[in-house]
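What follows is a set of notes on a single structure, which appears directly below.
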């Protein structure tokens, strides 16, 4: 089924296709009285905006957001906030090949198998262009959880990881890769450029940390904070894995190595380690929330790949046209947005039950 | 907030604590006319049942399930199915230490931070004992998706992985580790035994494959099949990571290496690879569904760990008492159950929208 | 579809059939720290309990509730509260007639048309016996909205209404009809007795008032307080109409006659009338909440009525056996419970969004 | 809380204020392959459109709908359908009085009590202008339940009811009152005109019938067809009561008088009466669905009414400006839309569970 809403109390619904007139989000359940204008949202859209360097798709979209409802005199009213972004650069091109043959790794075949029918222009609803609506909604969420600082970055591209010793949060905004390690950013320039020129693509790992959230947010058992984060991140295009804290590394550890001892502190316990990534029993502990998200390489490559047509004939397809050589890069603001959206919802859920 | 339901059309709600009189699940939205009796459910509970080998907790629970509603003349009626399992072996012991001090890695502190109060007996609601209710509900789901074969196994314990070349599905039931590699099972015997005797614990990776599901199940964008699976698995106690298909390995791959080419087949396309794990665009492709789940080591260890008391005093705690040295092992039937529950829901959702 | 849950943050799910071993409710989302024991619930079940006078069904059920989870040391823990009531007096009788022929006015035919199959023993899931589970859940809700006083009563039976001038809330508990007018109660004794002896049945109007709730509860637009109350009351067996405030009388009034003027008061505005029934724009105004609910006459009557069999043959049916001659009477505690459940949910929803 | 979505599988979310730039709806879960264009929606908006006679508000809105997503090549794709209607005639006027004083009967005070803040221009979110979005969404629902014919009409204005003997469905479109009785329509002309000229207002009863739906739609117990219809209708501005079938009249009837006997027919049972309004046990019986909805008189009247200001001062207010003298009239297409939306959802829910 199509299910385009997320959240339980702070909820959002997105709509729109890659090549339709516009796309947008409706944010419902937002508390009243929160300062909000387009200028609070635009910077996050700008961070995700395509066409800003040669390392992302060359589609040129201004991604200007408009607030159509839910705000009065510069503050949220508590009623639904409708956000709209017009599509400007839907290049009119010949879609006959993509209409006919399924691009491997893309949603083409799966959508046809499900719906018997699809909007094939630029990937339609399954295009990563939809994530602009998430980022806009996420900016509203950030206003609501302003006590939390959410920072994501690219940790590895094509298997080439940053050196944790070089980590510098200030560096993230200094390069087109959201890379906190200046040396790695330099290496990635060549890495991604080579892939781009070769018509190839690369996977990436995005890491995210959220600090400032209190202990106690979360909703055992089936809306656990980690469960909601996993759902949120896995719903992003091209994502194939999610880890909280040490993630898969914890599976190789002993209980002693994985322990997060506590000592008394002024504001509740001080933790001596954070293998858990800030969540225990599905509830925040007050430590930094840490997670990692695996993005597969963009499925659009120039190398011809065997495939089938809608009519079941054998063929080959090479995906020309505009796309990101490493879709994980622009995944950074999207991961941040999804984390913000989950935290906003959990904050309100916690307030509902625990006052 | 407490949120103990899962699913959208095929839904279940679980209840119960480790040391209460009973625990259970209510399954709602199940189609009518499906054959169901306690004997359809019991084998799955038996697989998860504790106390069957020295490698799991020694708590002795018969875990006999009773169907209290929703079944008439051996078939489901379409009304809610109430399943109850009585707790039998809640050992009366002294809980004063655990009531007073927070066990690191456990939900103790987080629950107190959230609720200001907790049932500390055996972990209360945060005990893995709750997963018995999931397994019971999962058995109902299996009846509904009987066209799908769901098989999970332990792929690695404490970092010691099976050899894929040795994979033999028949072997899974032949050892207490749900291990498909006889050689690895033998190694793990000593590995887990050593950990148990040392009062230590080990993490594990559980893998799962589901075959037989058709192309077209899934619900873009925020109830994608992979997103729902991630939420479901991440909601299991001790889980810290979820991968679909190649998962994090895909993040290190190139687009060419990650491609799943297709050729014409008799029943839709035949795929030449399955890096995607059977899901594209959040929708099943008809290939086998593959996923991996990371379980952290049990947080209960005999080595004293620094911690704090409810009153904020420094102390140390060593967790004696009955528990699994490797909680991932008994996670196998739980992962299977969660996958079955997600697939049952997605099957009905697909039918709702696409007839 | 079967959908046996209600509520958004404070949610409950009921299960069970008329002639199964038990029925129950799971209440989820209840705040922690609220005093709760069986003795807080039992009085409400006792008020609804059958067999207490000759004016209700003669089925003898003790309706003893057990709390199976979610309470520790006499207080709610914030985790799901499982409530169970065993069925004791499922009289073993011959159901062959009811299995074969559809009782007009009952859910028999509709259930068969939907599910192709039904538990025909005592009405199965569609029996008003299910309302015991609602009343138990409602008692939990009352603990949460203890600032609100909820009182329901029977306003009319078979068209014979109370005289508002005689209204005396103390009287409600003094007669088997929940009637606040002693004179009417006396008339109804003969009225209901005559119907009972004739094997006939009577409809009733139940009125309900809730005082003490603050202004501001409600959830525009599709979870408005009045919309939720309407859904809640219309979900009760045999209910065919719901009014808020003046209801249908308002449809015959002019704007001047229907106005609720306000004057300044110490605690917000003082209203000079309450045609609106305490709700404006879907949100409580702080005035008393007033509503009325129409119960149809019990469909079980001794007069033979034309009907058809499962096989499509013409036949007649007269419903013998135990049932209420006026099902609206025992609807009183059920309406109160549903109002409490809606208010508990709205209280938490309000807290979520508006702090 | 703000909750602006409705439906479980076929869901819609509305957004927008009376005086914002636009309002709209997002319809999610609609099956793929259904023919849909603006011309399928516009006629229903035109029926509800203001300013078409002197009996409705003189605000002039073209109410042109745009489909922004979810439709490709003239058919729904199964992805969310975004519908937008621009506001054109938001008259710039002086709102200082309404910003300051609470209009009795309006949502002004309740919104302020809830949110501490409101968009007072033209009633903001609580304006009946929002129902345009419902009507647009309802037009999509109608495409999905095209086997059902849904017809609503005004049954009474200000207590002056139609004569059932004069009922002529053809007449409904022939007068500005959606009145099926030509004689009543003539009387109402003077009635409403007098009220309009006097600055007064009138309540109305809207009746609705849906034919062609099969037996078996509905979702016991808490999403019963009647419960959903009650919630849907009670969520419409100014509605204070809902009846299914005989409604409150059934409460005054005996079981014999209220029986709906059945006889064998070619397509399932033939019913000899329809007191139940086509629903038994919350499930459709295949008979015509009948319901009645009570609209209170518009609260905006010229007669000054005592009220209070935001600052708690006593004052009087008379509501000038554009509004409907009888808001129930334009409620007719809104009731039809809500019934269509409920039926579309229930159709898909039924298909989900019962195939």
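Any Cβ shown, glycine's included, is placed from N, Cα and C.
For the FMN site, TrEMBL lists A:125, A:126, A:127, A:237, A:238, A:281, A:296, A:297, A:298, A:299, A:300; matching the candidates A:187, A:263, A:322 against that entry yields A:322. Following the DSSP three-state reduction, the secondary structure of residue A:298 (FMN binding site) is coil. Counting only the Cα atoms, the space from residue A:54 (NADP(+) binding site) to residue A:300 (FMN binding site) is about 16 angstrom. Using a cut-off of under 8 A between C-beta atoms, none of the binding-site residues A:127, A:238, A:296 neighbours chain D. In this structure, the binding-site residues under consideration are A:48, A:54, A:125, A:296, and the one with the smallest number of other Cβ atoms within 10 Å of its Cβ is A:54.
Summary for the binding-site residues A:127, A:298, A:300: the Cβ-based neighbour count within 10 Å is maximal at A:298. Counted over all residue pairs in A:125, A:126, A:127, A:237, A:238, A:281, A:296, A:297, A:298, A:299, A:300, A:322, the record's binders of FMN, the longest Cα to Cα distance measures 44 angstrom.
Those binding-site residues from the list A:48, A:54, A:127, A:238, A:296 that have a Cβ under 8 Å from chain B Cβ atoms: A:296. DSSP assigns residue A:54 (NADP(+) binding site) to coil in the three-state reduction, outside any helix or strand. Counting in whole angstrom, residue A:127 (FMN binding site) lies 14 from residue A:48 (NADP(+) binding site) by their C-alpha atoms.
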